[in-house]
Amino acid sequence: MGFLHGKRALVTGILSQRSIAWGIANAMHREGAQLAFTYVEEKLKDRVDEAATAFGSNIVLKCDVTKDAEIEGLFTDLGKHWDGFDILIHSIGFAPREALAGEFLDGLTRENFAIAHDISSYSLAAMAKAARPLMKGRGGSILTLTYLGAERALANYNVMGLAKASLEANVRYLAYNLGPEGTRVNAISAGPIKTLAASGIANFRKMLDHVEENAPLRRSVTIEEVGNAAAFLCSDLASGITGEVTYVDAGYNTLGMTGI
Ligand code: NAD
């Protein structure tokens, strides 16, 4: 029996089989969780239906996190399938492409800043708030995905780094708020992985090469490795862990000046 047997998990953020959320769904399915999924717009629903079929689920619900009514509606609809659930995976991030290239200040506008923070950080707290009645008192777990650009200045990551810093603070405040009712909140800081979101970052291939040459493991990580860590963090095996950022990055974040 898998270590997530009996758990119900809502997985957001599947866009393709390369999505980190796909790796998470795969690991959670293997460990016995029942899954439900979200899609962001009608033209992308087929892709999420494909995931649901692959992982034995028939719950596929719409949610564009820029719309308050869709966040509310998601949990109203989910409540018609499940009287409660245990795991919320927030694998959602976006910043306009022109903000993810070149100099930070060149791509900086009030609008780009607002979009990046709204979709990539505010949505975590908004979903946690709307999910609260269904998650309360079950010993459940919320997990989001962040990146090292939250803490270090990295080329091209720019306003997304600010949004991820906000997201990581969000994890700590949510963990403190929801801890008394038994819900844990954590983040995984994943190393670079070639996904559709990542391809929006200028020179992403160079980032991958740099990690593969320098990380302690001398390679990048896979969605399977992130998925396995996510399954652990959302399981009862991690019942004492909350408010944390866990790195799944082949050790890259531990480096200082190397290779000299
Ligand atoms: P992806 O493109 O497969 O997934 C991004 C997801 O965000 C998509 O499913 C997309 O539909 C969703 N999304 C965007 N706008 C949305 C909206 N308005 N409403 C609802 N959903 C919306 O890419 P990914 O790399 O799997 O990204 C998942 C998460 O992992 C993101 O938060 C990303 O920042 C983070 N992350 C990625 C990497 C990487 O290198 N790929 C590294 C660290 C963290």
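Positions of Cβ are set from backbone N, Cα and C atoms, glycine also.
Nobody curates TrEMBL annotations by hand; they come from automatic prediction.
Small disclaimer: the values here were computed from a predicted structure and weren't measured.
The active site, proton acceptor annotation in TrEMBL covers Tyr147, Tyr157. TrEMBL lists Gly13, Ser19, Ile20, Asp64, Val65, Ile92, Lys164, Ile193, Lys194, Thr195, Leu196, Ala197 with the feature NAD(+) binding site. Annotation source TrEMBL lists substrate binding site at Ala95.
Taken in sequence order, the recorded positions Ala95, Tyr157, Lys164, Lys194 that lie near ligand 1, meaning a CB under 6 Å from one of its atoms, form an empty set. Ranked by CA distance from Leu196 (NAD(+) binding site), the recorded positions Ala95, Tyr147, Tyr157 have Ala95 at the top as the closest.
For Gly13 (NAD(+) binding site), the same-chain residues lying six or more positions away in sequence with a CB closer than 8 A to its CB are Ser19, Ile20, Ala21, Thr38, Ile89, His90, Ser91, Ile92, Leu145. Of all the binding-site residues listed here (Ile20, Val65, Ala95, Leu196), it is Leu196 whose C-beta has the fewest other C-beta atoms within 10 angstroms. Within the same chain, residues at least 6 positions away in sequence whose Cβ sits under 8 Å from that of Tyr147 (active site, proton acceptor) are Tyr157, Met160, Gly161, Lys164, Ser189, Ala190, Pro192. Listed in sequence order, the residues of the same chain lying 6 or more apart from Lys194 (NAD(+) binding site) and placing their CB within less than 8 Å of its CB are Arg18, Phe204, Leu208. Taking only the Cα positions, the spacing between Ala95 (substrate binding site) and Val65 (NAD(+) binding site) is 13 angstrom. Candidate recorded positions: Tyr157, Lys164. Fewest other C-beta atoms within 10 angstroms, Tyr157.
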